[in-house]
Ligand SMILES: [Zn+2]
């Protein structure tokens, strides 16, 4: 397994719609395990392939926060929201591509998601709580959407400017 560098906003690859996975190849399996390692190392609870520069509809997540509970690494290929609750939930979201910036985002509190697993089987599950927020945030990445796109333009521009500065600093370091 290899850690992959995570793209930092703004980057054109984070604004693009990713392509569906057509077959579970060795490349897809390697990407999934690299992404899980990269996510746990960051540390983060979710990561989408475009964030490591791969324009494929694949995401990984593990929202188990309690250290006494077993980890639940999940790999979702071509995930789709098939149902969303009318009830909404607000979470303070962050993103590995937008380090150290957090903002409240309102989303459906529960969603049902269908996806293909690494065996090529179709899976479906209803998510709530942090899992629901996380899976919607990550699916957004596959459609070129970031959590800051839900914020007011002024706030979004402020965060984008901070990220531009961060990237300049990192490039110099
Ligand atoms: Zn993100």
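Along the chain as shown, the residues are counted starting at 1.
Glycine residues also receive a Cβ, built from the backbone N, Cα and C atoms like all the rest.
Annotations in TrEMBL come from automatic prediction, not curation.
Taken straight from TrEMBL:
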type	residues	note
ACT_SITE	138	active site
BINDING	95, 137, 141	Fe cation binding site
Quiz item: What are the other residues, in sequence order, whose C-beta lies within 8 angstroms of the center of the C-beta atoms of 95, 137, 141 at the Fe cation site?
Solution: 46, 48, 51, 93, 96, 97, 138, 140, 146, 147
Quiz item: Quick one: Cα separation, the residue listed as 'active site' versus residue 95 (Fe cation binding site), in Å?
Solution: 9
